[in-house]
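Read the structure below first, then the notes.
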Amino acid sequence: MLWYTKTKIALNLIHLLVENFFMSHSVKIYDTCIGCTQCVRACPTDVLEMVPWDGCKANQIASAPRTEDCVGCKRCESACPTDFLSVRVYLGSETTRSMGLAY
């Protein structure tokens, strides 16, 4: 019985790891972006880039044109200096309500 329980736990863990690795992630940029480029510099897979935008002081905003390359590390979220995270990474099956998207 103990072997069965340990095996089941191990298989569930493997399933979760594989599911998160192969599921697509979405990266959303919110209207609180101040155009500082810190998220772009923090991304290890170059998913993010800055694009021209007149809606903020820096006249640029982060964009995520290559979300298929996102590994879900959330370094962009950690690097964001705004009070509200301007960059959010949603892993695979996470569901959330969107706040006013800028781009």
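Cβ coordinates come from backbone N, Cα and C, glycine included.
Note: TrEMBL annotation is automatic and uncurated.
Record check, TrEMBL: [4Fe-4S] cluster 2 site residues include Cys70, Cys73, Cys76, and the candidate from Cys36, Cys43 also listed there is Cys43.
Long-range C-beta contacts of Cys39 ([4Fe-4S] cluster 1 binding site), restricted to its own chain and to partners at least six residues apart, with a cutoff below 8 Å, comprise Leu48, Ala62, Cys76, Glu77, Ala79, Cys80, Ser86, Val87. All protein chains included, Cys80 ([4Fe-4S] cluster 1 binding site) registers 23 other Cβ atoms within 10 Å of its own Cβ. Taking only the Cα positions, the spacing between Cys43 ([4Fe-4S] cluster 2 binding site) and Cys36 ([4Fe-4S] cluster 1 binding site) is 14 angstrom. Counting only the Cα atoms, the space from Cys36 ([4Fe-4S] cluster 1 binding site) to Cys73 ([4Fe-4S] cluster 2 binding site) is about 20 angstrom.
Around Cys70 ([4Fe-4S] cluster 2 binding site), a 10 Å sphere centred on its CB holds 21 further CB atoms from the protein chains shown.
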